[in-house]
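Visitor: Next up is a structure, given as C-alpha cells.
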Amino acid sequence: MFQALAKASAALGPRAAGWVRTMASHQLLVAPPKALLKPLSIPTRLLLGPGPSSLPPRTMAAGGLQMIGHMHREMYQIMDEIKEGIQYVFQTRNPLTLAISGSGHCALEAALINVLEPGDSFLVGVNGIWGQRAADIGERLGARVHPMTKDPGSHYTLQEVEEGLAQHKPVLLFLTHGESSSGVLQPLDGFGELCHRYKCLLLVDSVASLGGTPLYMDQQGIDILYSGSQKVLNAPPGTSLLSFNDTAKNKIYSRKTKPPSFYLDIKCLANFWGCDGQPRMYHHTTPVISLYSLREGLALLAEQGLENSWRQHREAAAYLHGRLQALGLRLFVKDPVLRLPTVTTVAVPAGYDWRDIVSYLIDRFSIEITGGLGPSTGKVLRIGLMGCNATRKNVDLVTEALREALQHCPKKKL
C-alpha cells in the first residue's frame, strides 16, 4: 500500500509527496508488547466465590456471536426482550425497567444520581460494604446521609428502620437484600409499606440475591430495585438491571437540578431503552455482545422458572451448610432464616490465616472461594453457589478441598 502511495505522490508532485512523508514523521517509541504477541491463555477454574460465577455453554456461545449495530432494529428487539426478562425476574410491571451499561455499582450510582438532590435526607442501612458504598455515593452527591450502622452479620428490623424514618425524614432508604460481604439475607416484607407511610422511597440492592431467593418488587412495595449480571444470571460482569416504579419516576422527573451524570441520566436512558413511548434517540454505544449474554442469562432463568431456581439455591445452600458443619466449621450468620442462599459465610477457623486457605484451594484444586470484604475482612470465608454452580457436586468438590486445606495449611497454636 505504501509503495502505491509513493508512486501516486511522485505523479502528483512535491506537495503530495510531503503528505506521504508526514504520515510517518516520528519514530515509534513503544514496541509491540511481547505478551500480546502470544496467544491468550485462560486457566480452567471453578468459580465458587461471591461472583462472578461460571458461564454456562449457552451464555458463552452468545458471547461469540457477530456484532450488530447498537441501534439496529434487531438490537432494539434484543433490548426489549431484556426488559421483559428483567420485569419477570424482578416481578414488576414497571415500564421504566432497563439494563445499565455497567456493573451493579453502576446501577447503584444510576439510582442515587437520579433520585437524590443536594440537601436530600438519605437513610442508609450499613451492615456491610454495599451500605458503605451507598453512603459514600450519597455524600458525594451532597445528600444528608444518615447511616444506620450495624456489625457484619446483622440485619434490620421494622422497628429500627421506623425509628430512623421518624428521626431523619429521608426521601430515600437504602437496604441490601443479599449482603454478600457478610452472607446476610435482609427480610423485605413490610419495609415498602413502612417507607411509604413516611413518604420515603425504598431502594434495594439485589445483586447477590436475585434469582436465588424470593423477591417481589411490586408486591413488596420496592420503589427502586437493581441487580447485576454476573451472579445467579451467570452472564459476564459489566451489565446491570434497574427498575423504577411510578413514584420513583415522578421524583426523578420533578427534579429541580439536572442529574450530575449525562451517561446515567435516566430520562435519556429511558428513551434509549424504549421506556417512554417516544422515538428512540442515540444516547451511548451499548456493550452489544454483553447484552447478548445478558439476554441469554435471563432466558435461562425464565426457562427454569423463578420458583424452581429459588428451590435449587435453597437446597444447595442447605447441603453446603451441613457439609461445612460436619468439618467443624462455624457458619457466620447464626439464624438460618437470615442466611443468604447464594453466598455462604464461614467464620475463619481459629489459628488459620484465611489467605492460606483461599490460596490452597485455587493452587491445588483450581476452585475459587474468597475471604471477607469491607467490614467482614479477616472474619469470614465466602462460598458462592449461584445459577448453574448451585449443585451438590460442586458442594462436594469445595468441601473436600476445604477438608484437605485444613489438614495442610499452617495453624498457629492458640
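Cβ coordinates are placed from backbone N, Cα and C, and glycine is handled just like the others.
From TrEMBL, here are the annotated features:
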- 62-397: domain 'Aminotransferase class V' (DOMAIN)
- Lys231: N6-(pyridoxal phosphate)lysine (MOD_RES)
- Arg382: substrate binding site (BINDING)
Visitor: So what pLDDT does the domain 'Aminotransferase class V' (62-397) average out to?
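Guide: Mean per-residue confidence for the domain 'Aminotransferase class V' (62-397): 97 out of 100.
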Visitor: Cα-Cα separation of the residue listed as 'N6-(pyridoxal phosphate)lysine' and Arg382 (substrate binding site), in Å?
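Guide: Taking the Cα atoms only, the residue listed as 'N6-(pyridoxal phosphate)lysine' lies 14 Å from Arg382 (substrate binding site).
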Visitor: Given a 10 Å Cβ-Cβ cut-off, pick out the one of the recorded positions Lys231, Arg382 that has the most other Cβ atoms nearby.
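Guide: Ranked by Cβ atoms within 10 Å, first place goes to Lys231.
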